[in-house]
Structures are given as structure tokens and as C-alpha cells.
Amino acid sequence: MIEKSIYGHLDGRQIYKYTISNKNGMKFSCISHGATLTEIYALDKNKKPVNVLLEFDKSDYYVKDTKMFAGAAIGRVAGRIDKGEFEIKGRKYKIEPNEGENVLHGGKYGFNSYIWESESSEKDNSVTFYRMIKEGKGGFLGELKAKITYSLNDNNDLNIHFSGLSDEDTLFNPTVHSYFNLSGNIDNLLKNHTLKINADYVAETRSDNVPTGELKKVKETPFDFLEHRDLMTAIEDVKKKCNLEGIDHPFKLKSKNAATLISNDTGIKLCIESERNALIVYTLNFPCEDFEVNGKKIPQYGAVALEPQTLPDAIHHKNFGNIVLPKGEEKSYNIKYHFGLISKE
């Protein structure tokens, strides 16, 4: 079932909200600003619906958000581009930086900054956001025809489909920046959460979080999530051994079964699938004073962002994957969030 309503306004344009539910009682909502996921309700072990997504209290927070990217679709390029510079076929490009010298999550004119056109389908239980992104916006070449479809089936799969088609060679590496707390309460932080990542390697990063190009084995390091680990314990391990505030790292995946996140409080289990080669894990390492959730400022470690994509800054590292979208060639990518419950012993 699909419900459509007016969520807000920006520059005289309406922002629409879609709420899509299945026969099991699961539902999610998304808005046309940023093609943003705003809530996901999954059923806990007591069959009670729990919003497992970090959701801002006010609609205008999503418009003002240029740092957290909460729930937003990310593109043209997720992650960082070193100094905003790259070459395609010998031609040099310079993208307007939005994080120091670097470009983060598509830059100033990323997918999150636009109001998207939208169309829903009762047959597919889906909503598609689409728009033509003009050439030169922020420095990217090519007029990009982009589509993002969210759909929900009765297997409790929330499927996300991206497609891109450009009239010039450009870059295309989209994702969704969803922050999860499966307890439904960010005041609980990530306590009693475990995380498993199907990755043997983690990308080494500089102090500005740009990858160096080196891939390091996770075995016997704080980044070994090949088996389920308590997430708060893992964060403390990273803080102690790496002198970092938490996890903000790209993991190189070895199969489409990217990761599994579990809350032992609610019993909710999230399995993420992706054909991409990386999963960015960000444990919300700094509190956010600008926005509120449930009437309170957003605490450090209140949620974890899990972002499937091609390894960041791949345009500068041949071993990271190909994010070039050739002229006239359509590319598409998929992400699946499957929600279930942990098995009872």
C-alpha cells in the first residue's frame, strides 16, 4: 500500500512524502527532497513496529542537512574525491570542494540537494524519483539522467535501485546514507548491537578520510568483523588502538552478502546485500548539535551508517573499481535491506 502526502515546501515547490507498507506490518517513508529515506518500521521480537532509521524531528532539518546526509540518496559520487580533481580519457576535471580541499558525497550539488520528480507504482509497491541533472553543476561533465527506486515486498525486503545515463563521460557511484539503530532509540546508542561484515580488507585512509590506495587485511586488527562483534566494544577498540573517534572506513567486500546488523534488545536483524565492492561503515563519531531526534540533540554513536558503494576515490586507484559512466551507456546498481529476527535458541 502507498500513501502520498505533502511533507513541506522549498522555494515554492512541494516536497512529497511517500509511505509504503506490506502485508506484514513493515513500512518505510521517503521524501522527494534528496530522494531521502526518513523512516523504516520493522517488527521486533514482540511484533511491535520499531523505527530503526535515524529520523529528524522536523522536515526542514532535511533541507538544512549538508553534513550528516541522513537517509539521503548520494551521488553523483559517494565518498570522497581527492582534492576534487580527476581525469577521464586525458581530460582534467575540477569539482567544487565541500569538505576542505576534497569533494564529499557529490559536492555542493549532490543528489541530496535536489527536489526530485516522483512516480509511484501500486503494482510494484514502489516509488521512483527521477530528474535530469544539468552539466556543469559543481563541475561534473555530462547531463545525467538519474533514477532512484525504493520498493518493499512481502518478504520484508526494502530494495533500492539506481540508474544513470549521461550524454558525456562522467562519474557515477551512488548510494544511500542510512543511519541505523535497531533498538529504535538513539539514546541507547549502539549498545547491544552486533555487526558482521563480509570483508577481508579495509581501505587505509589519510587523516582527512581519503583512501591512500592501500588495502589492509582486517585479521587481528580492530576492523575484523568477519564474525559478529559487539559494536560499542569494537568502537572502543578502534579508539584505543588507532587513536580515532570511531569507525569511518571503507571495507572491501568479498560477496554480495555485505553485512548483518543485529539488536539483541529488539531481536531485529538487518541483512544488507549489494553487488558493489565496498561498504562504508560510519559510527556517528561526533554528536550533532544542529538537529534533534525525539526532542534531543543527536548523540555520538547514536546510530551507524552502512553505505554500499564502489570503493571511494576509485577514480584515482585502478584496483578500487570502475566508476566511470561512459557516454550513452546506462548503468544500474542495487541495494537490498532485508529485515528479520534473530533465531531463538
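Residue positions begin at 1 at the first shown residue.
Each residue, glycine too, has its Cβ placed from N, Cα and C.
TrEMBL annotations: computationally assigned, not manually curated.
The annotation active site, proton donor is assigned in TrEMBL to His177. Here the Cβ of His177 (active site, proton donor) has 24 other Cβ atoms within 10 Å, regardless of which shown protein chain they belong to.
Marked as beta-D-galactose binding site by TrEMBL: His177, Ser178, Tyr179, Asp248. Cβ-based neighbour count (10 Å, all protein chains) for Ser178 (beta-D-galactose binding site) stands at 26. Under the DSSP three-state reduction, Ser178 (beta-D-galactose binding site) is assigned to coil, being neither helix nor strand.
The feature active site, proton acceptor is assigned by TrEMBL to Glu307. Cβ environment of Glu307 (active site, proton acceptor): Ile74, Ala78, Thr175, Val176, His177, Ser178, Leu279, Ile280, Val281, Tyr282 lie under 8 Å away, each six or more residues apart in the same chain.
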Rounded to whole angstrom, what's the largest C-alpha distance between any two of His177, Ser178, Tyr179, Asp248, listed as binding beta-D-galactose? 14
Other C-beta atoms that fall within 10 angstroms of the C-beta of Asp248 (beta-D-galactose binding site): 17
Reduce the DSSP letter at Glu307 (active site, proton acceptor) to three states and note it down. strand
